[in-house]
Amino acid sequence: MKEIKLNSDSLEIYEKSVSEKLNRNDFINLWDLDLNDLLDISYNLKKLFNKNKIDLCSIMNAKSGICPENCIFCSQSKHNTSKIDTYGLKSKEEILKNAKSVEKYSNRFSIVVSGKTVTDLEFENIIESIEKIQNKTKLKVCVSLGLLNKDKLKALKERNVRIHNNLETSENYFKNICTSHDYEEKIKVILEAKKIGLEMCSGGIFGMGETIEDRVDLFLDLKKLGVDSVALNLLNPIYGTKIYEKIKSGDISPINSTDALKSICIARIALPDKVIRLCGGREHVLKDMQKYSLLALDGLMIGNYLTTNGQNIQSDLKMIEEMGFGR
């Protein structure tokens, strides 16, 4: 990727991002900038902190559906009526097979389960799966297992596993998307995980009716928590979810590609030294604009998502190569 020179205004924002001299209002005001300027700033920050590579990860939906939580965006919630495959925890053999199938492309593999947390028996089986993956592949292992207690977090730390726990949105807006658990419960788990010394991946979803102020507040919370990787998702409303109905009725406007790209750039400027990873919904929202997101990103989820299909992996690899990035 060739060098992108910044104009004087963009250079000032770049320098203030590096020196952490931007405040909440500054981040909100970035929304008024031209998208091209935001992409230029983001690319220069990415190049400074994280070089020219895109870290690739894949996930497996290892336990699907019948979740007791009432998140309005999630097709796995029993409070929604989406038609999805439901099943208990996959066997250790199935999980290992899935990991091996993406080893050629991914640097990381995450075991994801539905539900607020996991039972002790499920956790024991997941630990065994983690050990199998670590022994039989070169993949780094991540898990997304809900709200874990201290003992389970310690067991994962002993195995050098990264934890994923999305905040989803700002603390102020969270009550609009879920009431069966609260924002503070998530914060508590993240703080405990960081205290124990675990690497932490967290982020949110854009396009659920939140404001740019909500997105900035999410970024600032992630910064304050010191997460290592920031997972950004773009809402792909699934039939049968409450949020699908809200968008269909016009209560919530769907996110567009410019909105999404600007939000990704502001995340980069707010969190310049973190891995900014784009995950679900990118194909649906960005379409042909996906390649431009790579100017701000240094992480990408490839393959299928939890209950929706992702872009063809070869197409992703080609896109990364054509934009001049390594992996």
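Counting begins at 1 with the first residue displayed.
Note that Cβ sites are derived from N, Cα and C of the backbone, with glycine treated the same way.
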Of S106, S110, S315, which one shares the [2Fe-2S] cluster site with C142, C201, R277 in TrEMBL? S110
Determine which residues of the same chain, besides C67, C71, C74, have their CB within 8 A of the center of the CB atoms at the recorded [4Fe-4S] cluster site, and list them by sequence. E69, N70, F73, S75, Q76, S77, H79, N80, S114, C178
To test your reading of the [2Fe-2S] cluster site: which residues beyond S110, C142, C201, R277, same chain only, put their Cβ within 8 Å of the Cβ centroid of those residues? C57, I59, R108, S144, R162, H164, S229, A231, M301
Can you tell me how many other Cβ atoms are located within 10 Å of the Cβ belonging to C74 ([4Fe-4S] cluster binding site)? 25
What's the CA-CA gap between S110 ([2Fe-2S] cluster binding site) and C71 ([4Fe-4S] cluster binding site) in angstrom, rounded? 21
C71 ([4Fe-4S] cluster binding site) has how many other Cβ neighbours within 10 Å of its own Cβ? 22
